[in-house]
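As written in Swiss-Prot, here are the features:
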type: SIGNAL; residues: 1-22; note: signal peptide
type: LIPID; residues: CYS23; note: S-diacylglycerol cysteine
type: LIPID; residues: CYS23; note: N-palmitoyl cysteine
type: TRANSMEM; residues: 60-80; note: transmembrane segment
type: TRANSMEM; residues: 135-155; note: transmembrane segment
type: TRANSMEM; residues: 168-188; note: transmembrane segment
type: TRANSMEM; residues: 211-225; note: transmembrane segment
type: TRANSMEM; residues: 230-252; note: transmembrane segment
type: REGION; residues: 263-308; note: region 'Disordered'
type: COMPBIAS; residues: 269-278; note: compositional bias 'Polar residues'
type: COMPBIAS; residues: 293-308; note: compositional bias 'Basic residues'
Amino acid sequence: MKSIKRFALSAMGAAMLLVLTGCVNVDKTTGQPTGFIWNTIGAPMAEAIKYFATDKGLGFGVAIIIVTIIVRLIILPLGIYQSWKATLHSEKMNALKHVLEPHQTRLKEATTQEEKLEAQQALFAAQKEHGISMFGGVGCFPILLQMPFFSAIYFAAQHTEGVAQASYLGIPLGSPSMILVACAGVLYYLQSLLSLHGVEDEMQREQIKKMIYMSPLMIVVFSLFSPASVTLYWVVGGFMMILQQFIVNYIVRPKLRKKVHEELAKNPSKASAFSTPSGRKDVTPEQPTAITSKKKHKNRNAGKQRSR
């Protein structure tokens, strides 16, 4: 199970890097971005950055901030929807803690591979019985829809004409900036900490805790080898993600918690068929034994009456 989680985390990181660089092609001779995503989304973003920077005289740093905020606001509903699904899953796990916790305890205390497999099957069966997805309720579609925007603005912040020679608050945008790297790491760490808010299920908390360090570490590593213009985009993105997390924690989660509790009040959850320590229902008959003994006693008395 642990090896699967490690593989999933590594695959997620590799996939993010692949998508960020793969959505937009780069011409090998000129080093400039090309392709459908760039022409459709990236180039207009670059023009918007240039418009705010030169036509409005705001400078490239402020222009990158403005365009990043606009793009983030456009895709915010997708991010909220993605978080809504994950939060709904989390609240179901919290509400059904009394059903799932025994299986999770068995899984932790299992010593043999057979016991672990049996405990996993019991846990998956209990989750399936109560409509809880084993994948955390997070669909791929909202993430895939957002990725072209992330990729396009990543290249727009880096390749917009004039940005490499500009500076923002004394920071050259064409070379890496340790100040912005530190800011990006702190912001993504805070966002990861906020994602723990309201999560009561122990297994979920453990999974989120692993990601708390993964996401900031990835951003820091990428930022160390990226120009400050790109890191500035990630800093603004970190602020927007914290805003999104506040919306989820204090608006979305309370509503979903109320909804889940109302549904459970109308349809109280039944104990799982795999809730006994052995992983099976206890079907040992009790009453028939007493009936059998009465029948035997009656037959014994009947025999005595015949002998008389």
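Even glycines carry a Cβ here, placed using N, Cα and C.
Here the transmembrane segment (60-80) has Cβ contacts under 8 Å with residues 45, 48-53, 142, 145-146, 149, 153, 156-157, 160, 162-163, 166-169, 171, 173, 229, 232-233, 236-237, 240-241, 244, 247-248, 252 of the same chain, all six or more residues outside its ends. Note on the transmembrane segment (211-225): residues 9, 13, 16-17, 176, 180-181, 184-186, 188-189, 191-193, 195-196, 231, 234, 238 of its chain, located 6 or more positions outside it, place their CB under 8 angstroms from a CB of the stretch.
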